[in-house]
Amino acid sequence: MFDTKALQAEQRQRASEISLHDGIDNQSVRFIAGADVGFEQHGEITRAAIAILRYPSLALVEYQVARVATSLPYIPGLLSFREYPALLAAWAQLQQRPDLILVDGQGIAHPRRLGVASHFGLLVDVPTIGVAKSRLCGDFLPLHQDVGAVQPLFDNDEQLGWVWRSKIRCNPLFISPGHRVSVGSALAWVQRCMAGYRLPEPTRWADAIASNRPQFQRWLRKNPDFLGKRRDMI
């Protein structure tokens with residue numbers, strides 16, 4: 001049995017340690033990571049992929065995949081505790097550490113201001129941004145259908161991030177700072193990482209690698225000697 005109240009209290013404590021001041025600028029960033037987490041075997045195994053891209057070319061230079069035994073059942077609002085062990089396992093394998101991480105999930109756009117992007121960013125002390133495909137909390141005004149349409153995401157008077165339509169005829173992305181990135185800069189960094197798809201390149205690659213999608217399989221056939229590892233800790 002898990003102590004939900006204790007985990008929520010830990011979230012509030014860790015959220016108080018989050019910095020929303022920019023720890024990077026456009027000149028200092030050389031490598032950007034994308035991170036994605038999924039589950040296998042009916043949730044018994046957690047799988048995390050981290051892709052490292054060179055900036056600003058957005059060329060893939062390294063990837064790591066880790067699979068670990070899932071330590072926590074799904075509990076709404078506590079997903080980061082379920083996901084971060086696999087992320088840390090993949091992180092430990094990296095040869096090239098990034099200057100910025102885009103995480104598939106929430107940053108501070110979370111009821112207790114600690115989504116997986118914030119939690120992971122705090123643990124590794126690297127600037128992070130949450131790039132989520134759906135809203136967890138907050139409100140926003142109606143969003144135009146045009147590409148590039150954007151609205152701020154608010155919870156009462158607090159701006160948590162942005163709702164941004166990155167591609168026509170696609171649902172918007174919910175972008176929020178994770179750690180050591182400001183609300184204002186979070187959207188700009190995601191926009192710099194786009195290449196015509198709904199998702200920014202770092203998380204698009206992480207998703208493709210984690211799920212072994214055809215995009216990644218084709219790329220592997222062309223780059224058979226590329227640096228990449230899969231680590232199982234089960």
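Glycine is treated like the rest: Cβ placed from N, Cα and C.
For reference, Swiss-Prot has these:
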- ASP36, ASP104: Mg(2+) binding site (BINDING)
- TYR74: site 'Interaction with target DNA' (SITE)
Q: With an 8 Å cut-off on Cβ-Cβ distance and a minimum sequence separation of at least 6, pull the same-chain contacts of ASP104 (Mg(2+) binding site), or say none.
A: GLY34, ALA35, ASP36, VAL37, VAL131, ALA132, LYS133, LEU199, THR203, ALA206, ASP207
Q: For TYR74 (site 'Interaction with target DNA'), just count the other CB atoms lying within 10 A of its CB, please.
A: 10
Q) Helix, strand or coil at TYR74 (site 'Interaction with target DNA'), per DSSP? A) coil
Q: Measure from the Cβ of ASP36 (Mg(2+) binding site) and count the other Cβ atoms within 10 Å, all protein chains considered.
A: 29
